[in-house]
Amino acid sequence: KKLFFSGLTAVEKKLAEYKCNTNEAIQLKLVRFPEDLEDENTTFNPEYSHQVFGDDEVAFGYKGLKILLYYIAGNLSTLFRVEYTSKVNEKFDCVEADDVESKIREIIPPGFCTNTDDFVSLLEKEVNFKPFGMLLHTYSIHNEEGGEDITYQIYKADMTCPGFREYHERLQTFLMWFIETASFIDVDDERWNYFLVFEKYNKDGATLFATVGYMTVYNYYVYPDKTRPRVSQMLVLPPFQGEGHGAQLLETVHRYYMSSPTVLDITAEDPSENYVKLRDFVLVKLCQDLLCFSPVKLMQGFSQEMVTEAQQKLKINKQHTRRVYEILRLRATNMGDAEQSRSYRLDVKRRLIGPYKKKQRELAKMRRCLRPEEMTNQLNQIDLNLQREQLEESFQQLVSDYRRVLERLAQA
């Protein structure tokens with residue numbers, strides 16, 4: 001270490017002090033009351049900033065850098081300010097500070113405030129903000145802290161709702177900070193549907209609405225006269241995470257499409273691990289009362305009847321129905337019983353081995369092209385043992401994921 005540091009020149013040492021981690025520098029807020037501006041408890045930070053500031057997630061040229069992005073809780077009017085205690089100047093070893101401001105301006109729409117007074121006067125008009133579109137679902141969650149029930153509502157909106165286009169532009173900026181590979185969508189394509197979650201809250205005797213999260217769904221055309229909605233983005237804002245809003249939103253969206261005869265089934269684009277867990281929970285909750293998933297039928301194995309019923313009644317595709325079946329069958333199986341447990345294990349592993357078998361076939365093709373001395377029997381053996389280990393590992397991982405879903409279901 002000493003050698004390394006002695007190798008640094010005084011200038012390099014000084015420059016190193018002017019690097020800031022952008023995940024810490026960016027401070028986000030959803031503001032309901034003027035006092036929220038000063039309250040550190042209402043501040044949250046991004047999980048990611050690499051899409052704006054590069055893979056290192058570093059801004060160079062500042063000490064004590066703060067990038068303030070404050071949003072009014074409902075309509076998301078924005079305050080954007082950059083603050084720092086000192087900044088490198090160009091005379092100082094010919095280096096320039098990063099242009100932080102223009103990087104943020106690239107992702108937030110114009111029309112934001114740059115000083116607190118303007119922002120506070122906008123906050124006073126927030127009482128006029130109402131959710132966009134059509135109300136689909138209302139639910140309430142008990143808040144331990146305040147000891148009260150809080151009411152939430154889910155709406156379906158589209159670009160014809162007055163003011164929604166501008167609101168959505170402000171809302172989608174959050175994707176950059178919380179979804180690793182986020183991109184903005186083409187809002188002029190009419191096949192997009194938007195589902196929004198709002199919290200109702202009181203301020204000076206009036207009822208106001210705060211943005212909680214949202215989901216975008218794209219309606220793909222399926223020949224000849226059906227559509228296949230595909231979930232594209234889903235975000236519950238950090239102050240509301242872990243309260244069950246994601247499950248409410250996904251279930252509401254499923255129920256919305258279930259009532260449409262032209263919808264074939266619902267899929268998702270490149271789902272994250274968390275989304276898969278959420279979807280497992282919601283789909284199992286929807287499916288558990290279908291006759292085709294009765295314990296007797298579960299024990300007889302996965303059937304076409306399950307596929308058909310889940311698709312026709314609940315718009316669930318075959319692949320997801322298979323997972324639902326495995327989770328519900330686990331619930332109906334006594335894993336302490338050797339015979340039942342073995343039967344379950346084989347059933348799931350038979351599905352898991354599919355990709356391996358495909359690989360085997362490809363290997364077999366390859367082998368035909370190689371001279372026998374190039375392929376040894378050992379290779380096959382190693383391959384098989386490794387495959388067994390990987391298969392067992394995948395199975396154990398699945399079962400522990402499935403158990404978590406069942407625990408959540410038991411509490412629901």
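Including glycine, each Cβ sits where the backbone N, Cα and C put it.
Over in TrEMBL, the protein carries these features:
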DOMAIN    18-180  domain 'Histone acetyl transferase HAT1 N-terminal'
SITE      Trp192  site 'Interaction with histone H4 N-terminus'
ACT_SITE  Glu269  active site, proton donor/acceptor
DOMAIN    279-330  domain 'Histone acetyltransferase type B catalytic subunit C-terminal'
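The residue listed as 'active site, proton donor/acceptor' sits 14 Å from Trp192 (site 'Interaction with histone H4 N-terminus'), counting Cα to Cα.
Per-residue pLDDT, averaged across the domain 'Histone acetyltransferase type B catalytic subunit C-terminal' (279-330), gives 96.
Residue environment of Trp192 (site 'Interaction with histone H4 N-terminus') contains 17 other Cβ atoms, counted within 10 Å of its Cβ in all protein chains. Summarised by DSSP class, the composition of the domain 'Histone acetyltransferase type B catalytic subunit C-terminal' (279-330) is 41 helix, 1 strand, 10 coil. Other Cβ atoms within 10 Å of the Cβ of Glu269 (active site, proton donor/acceptor), summed over all protein chains shown, number 11.
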